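Trainee: Pulled from TrEMBL, these are the listed features:
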- Leu17, Glu22: substrate binding site (BINDING)
- Arg107, Leu108, Gly109, Arg110, Gly111, Lys112, Gly113, Tyr114, Tyr115: ATP binding site (BINDING)
Amino acid sequence: VIGHPKYQGSKRIAIFLSMPDEIQTEEIIKDIFKQGKECFIPRYKPHCNHMDMLKLSSAEDISSLSLTSWNILQPSDDDSAREEALAGGGLDLIFMPGLGFDKKGNRLGRGKGYYDTYLERCMKHPGGKPYTIALAFREQICESVPVTENDVQVDEILYEDC
């Protein structure tokens, strides 16, 4: 990931805070700050499919976040001091989680459509749609995954031995 040309060329990067069953992103987040890039993480709104990408001030900032009912760390709802990526300069790159992927770039998420809806909003931003990279285990690569017309394909899937 760290040597990837899209990562190297990106200044504003959104990345998920990994759950135990996902590719661990902590070292990538540390590198984002080490290289002087800006880091944004998801804040999910429960009971709908709205998600914002809010700016972290440092890798240590993660320890100040709240744990949601889904066991995900994220900025609290009353945290209005953080920049939302689309309210500023947009994003250059989004690292995306998922449960399954196929080699055509289709992604099976957790069923709420958070990333698909967010990418639709990105397409309306003057900066346009950021490049998207899914981070996966080799076992998550499938022949095909079910998709609907609202699903947005990822640009690239990184996994072991890809």
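From the backbone N, Cα and C atoms, a Cβ is placed for every residue, glycine too.
Walk me through the surroundings of each of these features.
Mentor: Residues within less than 8 Å, Cβ to Cβ, of Leu17 (substrate binding site) and separated from it by at least 6 positions along the same chain comprise Thr25, Ile29, Ile41, Pro42, Ile62, Leu65, Ile72, Leu73, Gln74.
Within 10 Å of the C-beta of Arg107 (ATP binding site) there are 24 other C-beta atoms, taking all protein chains into account.
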Trainee: I'm trying to understand the geometry here, so how far is the Cα atom of Gly109 (ATP binding site) from the Cα atom of Glu22 (substrate binding site), in Å to the nearest whole number?
Mentor: 12
Trainee: If I take the alpha carbons of Gly113 (ATP binding site) and Glu22 (substrate binding site), what is the distance between them in whole Å?
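Mentor: Glu22 (substrate binding site) has its Cα 18 Å from the Cα of Gly113 (ATP binding site).
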